[in-house]
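Novice: Below is the structure I would like to discuss, written out as C-alpha cells.
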Amino acid sequence: MAANTTSTAATSSPGGMSLSLLPIVLLSVALVVGLPGNSFVVWSILKRMQKRSVTALLVLNLALADLAVLLTAPFFLHFLARGTWSFEVTGCRLCHYVCGVSMYASVLLITIMSLDRSLAVARPFVSQKVRTKAFARWVLAGIWVVSFLLAIPVLVYRTVTPKNKTLICDSRYPSDGHKVFHLLFEAITGFLLPFLAVVASYSDIGRRLQARRFRRSRRTGRLVVLIILAFAAFWLPYHLVNLVEAGRTLAGWDKNSPAGQRLKLARYVLIALAFLSSSVNPVLYACAGGGLLRSAGVGFVVKLLEGTGSEVSSTRRGGTLVQTPKATPTCPEPGPTDSFMTSSTPPESSK
C-alpha cells in the first residue's frame, strides 16, 4: 500500500475522470464501514472485556492497525477529488508511512494468528507454555517494531513533485535499481512470505483436524479456504501490479507508453481496493456473531472472542493434561481471528 498510493493523479481526460470515481467510492466505503467498525472492536475489547485473552490482544492490535490506515483515507480522498496534493512533503511522507506500517502490521498479525493456531493444534502442550499474555505482548511489540522498520523506504522515496500544474505525492527513485528493489522488497515482505506462512499453517491445521476426524473439521476446512481467499483477494492484485511494473522497469520499457499508463491506472484502483481490507474484519465479526449478535447486542464481540479464545478448559491431573469441553459460539469466527480450537488445544494463560 505504501509503494504508489497516489502515483497517478486524477487525469483531465474523460476516461481518467471516470476511472478516478471508482477509487473514491472504494475509499469512501472503507472509511464509512471500517472506521466505526474497528472503533467498535477496540472499544469492546478495552472497555467491556475484563480478562483479555491472547486472541483478543491480537484482534485489538489488528483493529488498531486498520484504524491507523483508515485515518489517512480523508487525505487521499481530498487528493482524488481535487487532483492535487495539498499537504506538503511532510504530509505526503507521513500518510504513506502510516499506510506502510499498517500494511506490514496487519499482515504480520494475521501471520502470527495463523502460526498460533497451527501450534495449538500440532503442539498443544508447547502452546500452553508459550501462549501467555506476557509472551504475546513481547510478540506484539516486535511486530510493531518490525513494521516501523520495514516501512522506512517509504520515507526515503516519497516526495511531492509538480506535474501538469498540480502537485503529486509520488515515489521518486535515484535509479531504476532503487525502484525495482522497493517494489520487490514490498511484494516479498508484505505479501509473499506472510502468505506462504498462512497457507502452510492452515493447510497443516486442516490436515491434522481431518486426520483426527473432528466433528467440525469440514466447517473448519471451509473457513480455511475463505480466510486464504479473502487474504489474497485484497492484496494479491496490488502486489502483482507492482511485480509487473518491476519487470517492465528491468526490461527498460517506457513508463509513459499506453501500456505503462494503463498499469498506473490499474494500480490506482487496486490500492483503493487494498484499503477495503482494513474494513472487512468488523464485517466478518458481525457475520460470525450470528445468534450472539441477537442475544448479546453490543457485547457480541466480547462474547465472540471469549468463545474463540478457548473452546476447552484444561486441568493437570498427575502430570496429564485433561480437557473438558466448553460451550462454543453458534459458528466459528471466519477470518484471521478464527481460533480453530479443538479438543487438543490448551486454554490461554491469564498471566
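The count begins at 1 with the first shown residue.
Cβ atoms are placed via backbone N, Cα and C, with glycine included.
Copied straight from Swiss-Prot:
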| type | residues | note |
| --- | --- | --- |
| CARBOHYD | ASN4 | N-linked glycosylation site |
| TRANSMEM | 22-44 | transmembrane segment |
| TOPO_DOM | 45-56 | topological domain 'Cytoplasmic' |
| TRANSMEM | 57-77 | transmembrane segment |
| TRANSMEM | 94-115 | transmembrane segment |
| TOPO_DOM | 116-140 | topological domain 'Cytoplasmic' |
| TRANSMEM | 141-161 | transmembrane segment |
| CARBOHYD | ASN164 | N-linked glycosylation site |
| TRANSMEM | 180-200 | transmembrane segment |
| TOPO_DOM | 201-222 | topological domain 'Cytoplasmic' |
| TRANSMEM | 223-243 | transmembrane segment |
| TRANSMEM | 269-289 | transmembrane segment |
| TOPO_DOM | 290-351 | topological domain 'Cytoplasmic' |
| REGION | 311-351 | region 'Disordered' |
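Map the listed features onto the structure and describe their local environment.
Specialist: Within its own chain, the transmembrane segment (22-44) is flanked in space by residues 59-60, 63-64, 66-67, 70-71, 73-74, 76-77, 80-81, 268-269, 271-273, 275-276, 278-283, 285, 298-299, 301-302, which lie at least six positions past its ends and keep a Cβ under 8 Å from the stretch.
The list of residues near the transmembrane segment (57-77) in space but at least 6 beyond its ends in sequence, with Cβ under 8 angstroms from a Cβ of it, reads 1, 5-6, 24, 27-28, 30-31, 34-35, 38-39, 41-42, 45-46, 87, 91, 95, 98-99, 101-103, 105-106, 109-110, 112-113, 116, 133, 136-137, 140, 143-144, 275, 277-279, 281-282, 305, 336-337.
A Cβ distance under 8 Å defines the sequence-distant neighbours of the transmembrane segment (94-115), meaning residues of its chain 6+ beyond its ends; these are 1-2, 5, 55, 58, 61-62, 65-66, 68-69, 71-72, 75-76, 87, 139, 143-144, 146-148, 150-151, 153-155, 158, 169, 189-191, 194, 197-198, 201-202, 231, 235, 274, 277-278, 336-337.
Model confidence over the topological domain 'Cytoplasmic' (116-140) stands at 85, taken as the mean pLDDT rounded to a whole number.
Residues 2-3, 103-104, 107-108, 110-111, 114-115, 118, 150, 153, 157, 171, 173, 227-228, 231-232, 235-236, 239, 242-243, 245-246, 249-250 of the same chain, all 6+ positions outside the transmembrane segment (180-200), place their C-beta atoms under 8 angstroms from a C-beta of that stretch.
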Novice: Under DSSP, is ASN164 (N-linked glycosylation site) part of a helix or a strand, or is it coil?
Specialist: coil
